[in-house]
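S.K.: Sharing a structure here in structure tokens format.
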């Protein structure tokens, strides 16, 4: 997702916060086994410092996808920067608008031969027999996951904490094939409620902990009192910003979640590490929905500004990055004042038909093959 697209979305001469940073750079992304990476391998790269294979989480390239045995070898399980932070006595937090067990957040705390192993129902029987844990269990049972101070995201289903609303989700308007939207890909089969277990483990250890599921409960949290904060606001991913329910029974914005996390983590005398992901930007672009992507990018930009306003930049490093690019391109030559979501045309276009400024080379409408594949899954 290009930050320059956001510039045009705001207005002609307005920049997003990131473009005002003193240091801006380009990064090269790839998996060890793929020219074009996925978010699991790239999150492993920037959180754990090693390149990995497609679909693998928190393991090095010795682990091929779905190879449970190799993923259990301690030599193949690098620590993450979140683990380093805890070892240094720092507070830690993870925020995402996806499921808390999705690719990017899980690379901060889990080691898995497959990003798909989010809950027990997705874990193959042979992997269970060999001792591999699903990602949700690793979050609640293992280090460093169980010691994370702030967890704010979607993903009640993978933790076995589903509500009636999660069992009957309302899909977002104009959903194309319900792609990554309004439906969970992983329901627990072991009968465990890991959110309840998370609370019990903390309180039994004499710590203060709170679990919230909507904006009203979220806004009642006192970050000055709670040692641990868990917020899971949807069964699967949180809503796109454009469709977010802003009522008390809805979900907080990524800006609000960032502010609460910083307020809690600033209590730590040794500092803190906080990962904040606007994960639905990627998913909107996969599904060729640029407006939703841009709206979520604006929301993330507001979260970045909130962080800048709250921390001491003399002692705090803030890094804003994408983990990979997408196939969205800007077509020539729209007028300078044209809407980034609009259409344009040129006299020398053969068929004289208008075309959209933004186009995609993958996803719905890009190729007939892609559409047929998606439809066959329904």
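Glycine residues also receive a Cβ, built from the backbone N, Cα and C atoms like all the rest.
Remember, TrEMBL labels are computer predictions, not curated facts.
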S.K.: Write down the single range among 132-158, 159-185, 186-212 that appears in TrEMBL as region 'Disordered'.
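M.R.: Matching range for region 'Disordered': 159-185.
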S.K.: Tell me the Cβ contacts of residue 104 (Mg(2+) binding site) under 8 Å, same chain only and six or more apart in sequence, or just say none.
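M.R.: The answer is 39, 43, 96, 98, 275, 277, 279, 323.
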S.K.: Could you check the binding-site residues 102, 286 and say which one's CB has the fewest neighbouring CB atoms inside 10 Å?
M.R.: 286
S.K.: Between residue 324 (Zn(2+) binding site) and residue 102 (Mg(2+) binding site), find the distance joining the two CA atoms and give it rounded to the nearest Å.
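M.R.: Their Cα atoms are separated by 16 Å.
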S.K.: Apart from 282, 286, 323, 324, which residues in this chain have a Cβ no more than 8 Å from the mean position of the Cβ atoms of those residues at the Zn(2+) site?
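M.R.: Output for this site, in sequence order: 38, 39, 42, 281, 285, 322, 325, 326.
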